[in-house]
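Working notes, beginning with the structure itself.
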């Protein structure tokens, strides 16, 4: 059902949106494009169950048979992301409620509360019926549960579930009152019943409550997922099960933690930048997905050991790009049409970083519905179009590089990330509204990407011994264990870079006293008394060139030496970047957000000092290099994001052209080369 | 009651806001200013019916008698736009509800749901009582139903009415599901009861639902109007009935369709630009009003044939400026005081384009209430004021040009407009948030205005044989009939200009497949695969000079020739403007929004090629020229929007001064001339 | 309990946020810093009364005993600003409701409706129990009722209370209908029951209703305060009672009127500007506080004559800075760390202008809660920190200048301010959204501050005979009495400056007809027909240099002479600033908002012409000078806001250094000098 060494290609196919006569054309076009996996049924609940308990599977039977007949696999979805209108009418109490108490209506998608028993029961029922009917269908390649879990709710069901979850987390009210510091503003709870979700209130909300609500909701959505997964698994344990992650700061899901519960991490990725930023966002999304997958695989290995998607030679880092936009980039306020070749380059960037294929939303552009102008492989113009022609070409390319499937991605740097930090930094009352964990991770990743270092995303506690460098950007929350983890790494000889706002708070978002950066003060050899956040748009000059933005700090030395000082402003002459020999290792502290070029230089210095080397040191700026390593070979992916061709040193065989490469390969403007490297380079 | 060849002058008079001793001064001042029509009673419900079923008409009797005694006509309003507080308390379920479910309270105006039976009954009752009492009062010139219909509601009454309307429109649920493409996101309706108004929902709403809700609400408000109208007509068929339109993108009223139900199109116009843009907005508003009136007259001619307002020589294009601001322009955030003379110029611009008079809100500035600083003919300073002096002067001018009343407005260009397009382009999920039908109509109108071509607004399907040129800006929705209408026009020899986003969708806002611009692809000889919307503020250079904004497209030629190419960006070298010989005619396509000057040139080229001529080719920039044609004469209105005097070629008699014009007339800076043209010019 | 001639120093101490072992360190640190007054218990309700009627006073007993043992006074708070969660559950109807009808939940602070009987009863109960237990505790220096009264509510309790208040204010419905001009938009009320709070409505609300709602709510909050105060006073009449004012345009409290009900005006001040603007905001806040205190003292003298806080030699102008931020300035979006020395300078600026001490929020930074990053005297870093070291230094300084406590502040100019004007100018429908009474008062104050004139804030009706100049900025509402008050002042020889928008409306916000500025037309000798508000960011040149912003007017002369004309725009050549000899005095009118420098010059001209002299004419720009006068001495405070030292002419003894001053004192960069002046200077 899921073979090794083949890259999947396809997308969401919604035959229910079209008359049956269109289906045959669809499948013929899929074959022309070498499509071998399509997601089916994501939003089909109202067609599969037009009335409570009354099912109409005939059309889906025909769809799946048609796929099987044509050798195309199905990622069969449970349709629970969009209950039918009849459900809302039968169960108005299962409609979601905003923090203001507004009960939302159906008429879009995702109009349910994941904590509402009626919703959960209906979702289990339709999932169970699908499992029973299709678990052994020859087209079935993968179960695709739900779609982009991510909506929240503040109804009474949610509040009751929150209370139950809090009992589980804190045990008794005294512990909760302590964790949430309810002594501030007279919020002491004397009965569990007094606790609600963080509904609209008069002024600033409690940070502990906000953080726990986010964690609770991630667990609630996860429970909604796992109960469907268990039904599907029970019907046929051989078929892997997953759900597609939606990315975004607003998403109340701890993707890394969820990774232990999916058989294949699946990610939907839509960059928002239209220029080179889109490439950087793509690389980060792929590295995050792979990092989550590795984190999950370890957790799973410690659990049931189940790993049903074969062919993962990447240490559990296999994942799948489940959705992306063929020819559009969605920016604020408008859609940007990708330049010719960019669709393939974006897709191959994901494949280079471990995606086991390239999937799109959606196959054929619909004529109506809210997303009628969303990108598609078969656009409104039809198959006689640039987009579909590029689709056919990309299908052929994926075939030619199929051997890379499952190979490990080379990385010498580990980059810390934590969902909880992201949530905690969205709370009110922080010293600056510009602080954002995801943005800081992205900035560090961008610096590493520009410096050309391969990078794995890790969570605090993940094994990091194999990496030359560990970078922890704005790791605001740090438990004692996380502090110990970083300290052990350095004392064992590791090189660590920590940036501002890290370690300030514990896992309950309570500030650590005695001086910032709390949890990491000793390993960094610094002590900060006061923050100096910068105004939006302001910058502070750094000695040696470059500027800092967003934030600055009065860094007191407590063992560390100065690498860079502030060169202007109230902190002029005081340390901006420091380095501390600690144990057998070195720990750097960066107390501001450097501009991209300065950040690139700082991390390059730290990485080289740590013994890391770039993936392809001779690659020119704008040419992204990623190396994959399999059991018997290595492959160098070269993605040319510039508008002119570049020659890059390499030796082996370029797979797209089949041409042997002696000393260098020419990568076309905006194009991609994949070189199976000669053993010497391996 | 409504004689020919006299231009009405007046405004909203609210004697109920003042002690009775002020009334005599008011009427004396009206006579001094030659005011002959005042709107009375618009917001007087709580004074006319201070408690349910208890009426107090004494004061209104005295007001109307006073008017009659002074020869001033009354546009007597039904007061239904603002139910009294007692009504809200008696019928809380008739208060309006927002999409979020917030029930609004009284304390402003318009706090009712037009679909609530209790409101409708109360409105009919007060209208009926007024009809019975005043239908034959000698002061009564016109019934003025309600005020500025425009508020919406999402309560249960509205939802029930929406469902009933949908049954009428779609017949069965299958048709509705198809029209709304409910197969997208599992929105299939299996029972009418499942449909509500587009209440707040989780994410993007369904475009079909949004569009039908707008149409439904226009019809709902129209029904609220017509049932009052019928009561008033029944009481005295000789008195014309109307309601004043409020303009604005947010207004859920299809003014053109309503025009068939009013005896005189009446428009409230408040420009928002403070510079020359105010003049352009004024010209457009007037042309829209005249276009709606013509459209309505044709529909009515096909119906009961009733046309009770005599003196319309303009082919049904008679209309009335019912409200405008004497000396203020309302901009975002502040009020702009009009420069001396501008009040007259704005008013005469409306008269030039067919208004049968000049009416204002309001007569005397109130001391309290939300609009206490709204403009007035008698300002807070009293009659010893610039504003009132200019009022008196304007009254005299209107008398001097009374002979122009009812004459046809000369136009060689037809400009398409459609309420539904405007609504459809306000939906989420479009390729750009900058697209706006009304803005595109305004941009095309501005280009024609600057080029000096007279212009009639038409709806798809309206007769266009007499026009040299037909311009269809961003006609996003196009039924098959509309496509045929445009094609027939061109095939018959017409010259057509279509701009981007036109014809993309059908009347249900479903995208037409096979390539854009869907409905007009054949007549234009182009095929577009992909849109390239521009970022806000961005522009793309055009070959030959000028730039495009908001939007661009990859235009494939399918018979058309290139008029202008893109000169920069990803589309450099590709067609931006094309021309296609089709049948006996020519069809142009403009795939971006040109800057004003480029747009002016393009439409000038197209119009001249089509055989159109400007109204007054020698008029200098900034001097607006409009020609009226009556049975025996023609009149040239010249509006000098510049700050210096201009001499303009003309021959005849200038009516404001009574001076004979031989070869040219001097139009004072900021002033107006009206020349009754010598027969040679006719 | 409250001795003379000692400046209080301290802040909010929240021992309930810390384990008891921290308390001893806290008190030791307080002694080190010479702290002698701490606010205790502000948000301790849920700790004092963990369940309805069950009290836990043990910890507070120990806290107060500890303070008494260490000679530190307690400002003991009633904790009613934050009801415990159990209260919300027991009385959901006492939770506040927004204008949209959203009922807010607990989870922050201030989640109560001050008009809800259940809340008021619970608040009285806890205040009564505290009074009974602690009224004679030796630590008790001051009762601190509640905290920052300021939240509003639209629930049914609030509506009922509003109706009752309106009956009291207007007597009968006819008067209310007249005051609110309900004849506009059919808002005539025929029954009191029809009136609600200004809930969300369809469009613009009624200005009279909005204004009365603000006044009503100020009275409602005041009643909530006074009933607590009465309980506390009854328990021990010797202990003064106050509540801390929160400043801000949004605050629905008439602070001046409240001043008659507190025994000591207490103000929380947090400037929002990070540059020099913070110093100007500080000076204004202090002058407002002193003005309120003087106004209140007069009202109280006419009442029960009670004045329990001894040592006020300032004519009732004694007040206390109850909260300020030690080392942070809170700006939009981030926190700004004060430069070294600025904490002392800000605090001494308040003391210079009459504060009887310097108090802070809060003593020790908490580890959790919404305000965990709020400023503190003992920051997260602990006492080994710049902030705490500056705290210790400041404590010593306050001791050295203790003799200034209670001395009068010298002022030759009176500056008008009125809460109602501020509220009325926040209504919709004004000619410009940029008009703001508080901003105009601030602009005038800033001009006087820069010009170096001491200034007292007065309300219309306050005695002004002793001032050389009276400035009334944007006094939009003016009753007949206020008009008479200003006229009498001028006729008696006073010099008056009135700025635009003044006198336009009466006390019900009804516009005065006949020409602006209504109430002040005669005394100013001008008549304005039309306003010309400027767009945001625009400016108009003035003859003689400088520009006007926000507003301009066509000023007609009716006796006045032109001081400055507009030099550009539609008003070029017309009067911008005028002067009118009236009676024995002079009245200036400024019809625009001058830029700061022009405003400084205009007010300098007016003040000098009036015979006023600056506090310290030789003080360089950036050095603020304030003179205090006691029974036997005078003191010159010199606050150097620049970054270099300045020598300022003075003679006497500098108290911080104890050094004798012959002719001039050196004020360090960013520092402060306080000179006890030699008698000659007195």
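Glycine residues also receive a Cβ, built from the backbone N, Cα and C atoms like all the rest.
Record features, source TrEMBL:
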type: ACT_SITE; residues: A:148; note: active site, proton donor
type: ACT_SITE; residues: A:323; note: active site, nucleophile
type: BINDING; residues: A:109, A:147; note: substrate binding site
type: BINDING; residues: A:113, A:153, A:155; note: Zn(2+) binding site
type: DOMAIN; residues: A:12-400; note: domain 'Glycoside hydrolase family 42 N-terminal'
type: DOMAIN; residues: A:411-607; note: domain 'Beta-galactosidase trimerisation'
type: DOMAIN; residues: A:622-677; note: domain 'Beta-galactosidase C-terminal'
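In this structure, the C-alpha atom of residue A:323 (active site, nucleophile) lies 31 angstrom from that of residue A:155 (Zn(2+) binding site). Across the domain 'Beta-galactosidase C-terminal' (A:622-677), the DSSP tally of helix, strand and coil residues reads 0 helix, 34 strand, 22 coil.
Counting other Cβ atoms within 10 Å of each Cβ, the binding-site residues A:113, A:153, A:155 show the lowest value at A:155. Checking the binding-site residues A:109, A:113, A:153 against chain B with a Cβ-Cβ cut-off of under 8 Å leaves A:109.
Comparing the recorded positions A:109, A:147, A:148, A:323 on other C-beta atoms within 10 angstroms of each C-beta gives the minimum for A:148.
Using CA atoms as reference points, the recorded positions A:109, A:147, A:148 were checked against residue A:155 (Zn(2+) binding site), and the closest is A:109.
The secondary structure of the residue listed as 'active site, nucleophile', as reduced to three states from DSSP, is extended strand. Annotation note: residue A:153 (Zn(2+) binding site) sits in a coil segment as assigned by DSSP. Between the CA atoms of residue A:147 (substrate binding site) and residue A:113 (Zn(2+) binding site) there is a gap of 14 Å, rounded to the nearest whole number. Across the domain 'Beta-galactosidase C-terminal' (A:622-677), the prediction's mean pLDDT works out to 97. Recorded residues residue A:109 (substrate binding site) and residue A:148 (active site, proton donor) have their alpha carbons 11 Å apart, per Cα-Cα distance. Within 8 Å of the Cβ centroid of the Zn(2+) site, not counting the listed residues A:113, A:153, A:155, the chain contributes A:94, A:95, A:96, A:97, A:112, A:114, A:115, A:116, A:152, A:154, A:156, A:157, A:158. The two recorded residues the residue listed as 'active site, proton donor' and residue A:113 (Zn(2+) binding site) have their Cα atoms spaced 14 Å from each other.
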